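First, the structure itself, so that you have it in front of you.
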Amino acid sequence: MSSPDIHADQGRRALAGGLSRAVLARAVKEAFLKLDPRQLTGNPVIFATWIVALLATVSAVAAVVGQQPAGFAIQIAVWLWATVVFANLAESVAEGRGKAAADSLRATRVTTKAKLIVDPNTGTWIPTPAHKLGVGEVILVEAGEVIPTDGEIIEGMASVNEAAITGESAPVIRESGGDRSAVTGGTTVVSDWIKMRVTAEAGSTFLDRMIAMVEGADRRKTPNEIALAVLLAGLTLIFLIAVVTLLGPGKFSGVALDPLVLGALFITLIPTTIGGLLSAVGIAGMDRLLKVNVLATSGRAVEAAGDVDTLLLDKTGTITFGNRMATEVIPAPGVRPDAAMKAALMASLADETPEGRSIIELARNAGLALEAPEGATAIPFTAQTRQSGLDHQGRSWRKGAVDAVYRTLGLEPQSIPTELSVAVDRIARSGGTPLAVSEDGVLVGVIHLKDVVKPGVKERFADLRRMGLRTVMITGDNPVTAAAIASEAGVDDFLAEATPEDKLRLIREEQGKGRLVAMCGDGANDAPALAQADVGVAMQTGAQAAREAGNMVDLDSDPTKVIEIVEVGKQMLITRGALTTFSIANDVAKYFAIIPAMFVVSLPALGALNVMKLHSPESAILSAVIFNALVIVALIPLALKGVKYRAVGAGKLLSRNLTLYGLGGLIAPFVGIKLIDLVVSALGLA
């Protein structure tokens, strides 16, 4: 493996695995650097905590200077600063994993000289630094050389190692024309040569965009994050008013409420948990996509994936394997099934096509395993004969198009056994391909070739249906074939004989009904639909236009990945919702846990509400502040990993999360604050 490939592989492992010491150390450093208030203004909850922490620090310093008791003020200040640092740490850890991967990707960039073609007629070239190449210029790349920048192959065909980008060490074929002409800077030509036209300036290549996406330089808040931030700001204002109104009851009851105590109480009541973890949840969602080798251009794309209502899936490669495979051999009347299977096998022994190999595999599964006899003559398939087979010692075996084999055997339609005619018609109606088989000039059966639905696809679609998603299969097949495959795969609907314009129209129709649409594509003709879709997943091996149109890029070029993308998006939304539920439930519980403890001395009637029996008003406040800080640390792993996702209906999911995180959020403060209070009082801290 070359050096760039090793660096890229290390970056992927950094994301796929846990936190390295280097990532954690950098995250801790950045958590303190983010104490700069200019970086906190976008998070009203944590910014409010920063302000109160600063006031608490001033109060503690004033107490020390004035030789007043300062222990309580110092502890409050320390734990309030810890709350801000822990919130910053959550975001820094999430960003740190992406930055580690970005550093590894950056290491894959090589400084190389390109062979710039200056005379197309003679092929004369001059060495030119890669960063000086301009869009539209043509360069030559030969075996063993690194492709210096992104481009489109205009001449030649080569085997290219794309491990530096995709992590897949097996070389792939890239050639001019079609959808396999795009090449990426940083990959290596293994064999042959190509001439390519440069499509990206230095600094805007696919690798540069990967690094920018991973680092999150353009990570703007998503609409849901903005809405949640507004909600948190509103709750912060409500609790500020609630704390200020305590001055009245305090004065009435003769309790002198220290501004430091009120400030600390205010911070314990506002939703600091979700406020501190909100950014981490969004960043971690993008990182989880990167773990499955998918790059998202923004958090908006990930969020949209979680809200998708309609999923458009290409049949070939996504729902089916894309290769016709033998599924059965139907014997002619009077022919034993094993004899028909053996004839089909003999006719396929010299066939190197996927169809021929599938017939051999079908026979092997039936207990037949033969090799081509020594001295046998292979009869290749031609466009004229439309059949292939094997000859050996005067015997012959053939398979091919039904009408071609019938014609070779001199059979008229009326002389074909009814059973075989019915079988041929059934296979054709179901979208399959019938192949007739003959042995020594006698018709012995029919092979059923079909585009096989991938294992587990039907179950995945059932899961998506339970999630409330509508699946639509897109295919160029005729409606009869499309209906048969759609029924077998379990999709909700299909679009047959589809053109790129049909895809675009369908997306607009779905969006017109208020639905969010996801689709994947790789061809230049998919670009309009990818751009129109709310979630457009382009294949890395696809055309440049497709990659630029989509808001996600699948480095593995696996169309089925769109299902995982939707699941990651939903997991991110569920995690955010669960932590929000837990945080708000926490605030409500802390309000009823702390307020009675603060006033129970002056208002004994509140003793009935003081269920926790905290040691003193000071220990109640200090314990709540400590709990408030520690709960952020405790939930960082959940924010990064995400709440475990299950493919169930929205109602069940809501009920489960309310029970687990809502009820848990109500109970946790009572248990946590009481335990901390016992420690605080035992150590004489308050």
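Sequential numbering from 1, following the chain as shown.
Quick reminder: no glycine exception, Cβ is built from N, Cα and C everywhere.
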Per Swiss-Prot, what member of LYS315, LYS399 joins ASP351, GLU355, PHE381, THR382, ALA383, GLN384, THR385, ARG386, GLN387, SER388 in binding ATP at one site?
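Looking through LYS315, LYS399, the residue Swiss-Prot assigns to the ATP site is LYS399.
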Would the transmembrane segment (70-90) count as touching the transmembrane segment (620-640), if touching means at least three Cβ pairs under 8 Å and pairs must be 6 or more apart in sequence?
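Judged by the Cβ rule, the two regions touch, with the required three close pairs present.
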Is it possible to get the count of other C-beta atoms within 10 angstroms of the C-beta of ALA383 (ATP binding site)?
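A count of 5.
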Does the chain bring the transmembrane segment (261-281) near the transmembrane segment (660-680), so that three or more CB pairs sit under 8 Å (pairs 6 or more apart in sequence)?
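No, since the transmembrane segment (261-281) and the transmembrane segment (660-680) share fewer than 3 Cβ pairs closer than 8 Å, they do not count as touching.
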Out of ASP351, ASP522, ASP526, which of the binding-site residues is least crowded by other Cβ atoms within 10 Å?
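So among ASP351, ASP522, ASP526, the binding-site residues given, the one with the fewest Cβ atoms within 10 Å is ASP351.
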Using DSSP reduced to three states, classify ASP526 (Mg(2+) binding site) as helix, strand or coil.
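Note: ASP526 (Mg(2+) binding site) is helical by DSSP.
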Roughly how many angstrom lie between the C-alpha atoms of ALA383 (ATP binding site) and ASP526 (Mg(2+) binding site)?
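Checking the Cα atoms of ALA383 (ATP binding site) and ASP526 (Mg(2+) binding site) gives a distance of 31 Å.
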Which residues of the chain, 6 or more past the ends of the transmembrane segment (226-246), have a CB below 8 A from one of its CBs?
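Distal contacts: 42-45, 48, 257, 262, 265-266, 269-271, 274-275, 278, 576, 580, 584, 587, 591, 595.
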